[in-house]
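What Swiss-Prot says about this one:
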type    : residues               : note
DOMAIN  : 1-137                  : domain 'B12-binding'
DOMAIN  : 169-409                : domain 'Radical SAM core'
BINDING : Cys183, Cys187, Cys190 : [4Fe-4S] cluster binding site
Amino acid sequence: MEENTALVVYYTKLHKNSFNALIGALEIDEYFDNLPIYFANKKDIFNLKEVLKKYDKVVIAISFFTTELWKTYELINELKAKYQSYRNKIIYLAGGPHPTGDPKGTLKLGFDVVCIGEGEETFPEFIKAVNEDEDYKKVKGIAYLNDNEFIYTGRRKPVDLNKYPPFPVKHNKFGHIEITRGCPYKCYFCQTPRIFGKKIRHRDVENIYKYVEIMAERNLKDIRFITPNAFGYGSKDGKTLNIDKIEKLLESIREILGNNGRIFFGTFPSEVRPEHVNIETVDLILRYADNKNLVIGAQSGSEKVLELCHRGHTVEDVYNAVRVARKAGLGVDVDFIFGLPGETEEDVEKTIKVMKDLIKMGAKIHAHTFMPLPQTPFAKANPGKVDKKIIRAMRYEIPKGIFHGTWHNQEIIAQKISKYLKTGKL
């Protein structure tokens, strides 16, 4: 390609893995071999004048979560003001969880185009169309405004992870390896199945092996994974455990790393569901992984609330998971979400009892406040509020770090998100 187009990605800690996947998709197409790509941090993004002078067209790509909506609104306005004299050269492109769930609202923030859902196919096609002076508005998987009319070019089929690298090796950018995409569960508070679909897709062990080797050659020997449920790896339906596949994965990686590298499996960002924690899965962690704890999603201590959320597991599953993990000597962090829709005082009391029981068993509680998210069944639900009874019940555990999290900040953000989703106003 001729070097008349440049790409700038807003490469922040929260979104580097997303951009790693997209730049990786560009790298495997020789058409983009000469594409100038700028990885801009929070300072660099305001120092692009030399780039804008040099190229005819510049795509500025920004990914963000709903929790970052207000900061992103400020950012796009600041960029537009600073680079106003270059406006005819710039295309502001948004992608990620919030733009996918709220594309029209994202365009109204000031973006020119939104990439909806998975971008491994859409992103390269879009950049190529821009560079070739073709009508990029015909690219499938995007949305834009035409005289204030919302236009969506249509959803793409789910991508095959094995066709794309998890990160851009040629650009020397590395990170977590995405091993599974999609989620068969339909938790009403979660965007994952709405963004990536309910059909589970796994990266093959051989493909993962290849990229672990590449990292190891560069002395990058802490291996972490991106997956909605670590113990779901290799499962055809995402629900039935495939112990052999999980073992093959971990064993293969351990062979590459030997004793000089570390494998983190079942901790952030690859937590596990409680019903999948059993003697076999825990044994795999003990034999092959380096993490000394598991992060387990409980979300509530009330059967009723779990059913309202469509979680697909029981309170007893949570007890059993903690029991098995602790017996094996693993630490446990259990996620709870407070203020979920339909939660009553009785449900709060039940959750407090469960948390106290789990703490006695040796678990820690990772506390969250329910935040409504676009595209989810709970999008228009009232924002979560942490019942004072919970804080009182946990008052001795908070200073010890046994009950931890940013629930207070989330409570404030949840109010703002709820107002926005109900009114469309920031």
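Cβ atoms are placed via backbone N, Cα and C, with glycine included.
Within 8 Å of the centroid of the Cβ atoms of Cys183, Cys187, Cys190, where the record puts [4Fe-4S] cluster, the same chain has further Cβ atoms from Tyr185, Lys186, Phe189, Gln191, Thr192, Pro193, Pro228. DSSP assigns Cys183 ([4Fe-4S] cluster binding site) to coil, not to a helix or a strand. A simple way to gauge crowding: the CB of Cys183 ([4Fe-4S] cluster binding site) has 23 other CB atoms within 10 angstroms, across all the protein chains here. Cys190 ([4Fe-4S] cluster binding site) has a Cβ environment of 22 other Cβ atoms inside 10 Å. When the domain 'B12-binding' (1-137) is classified with DSSP, helix, strand and coil residues number 74 helix, 26 strand, 37 coil. Around the Cβ of Cys187 ([4Fe-4S] cluster binding site), the number of neighbouring Cβ atoms within 10 Å comes to 21. The domain 'Radical SAM core' (169-409) scores a mean pLDDT of 98 in the predicted structure.
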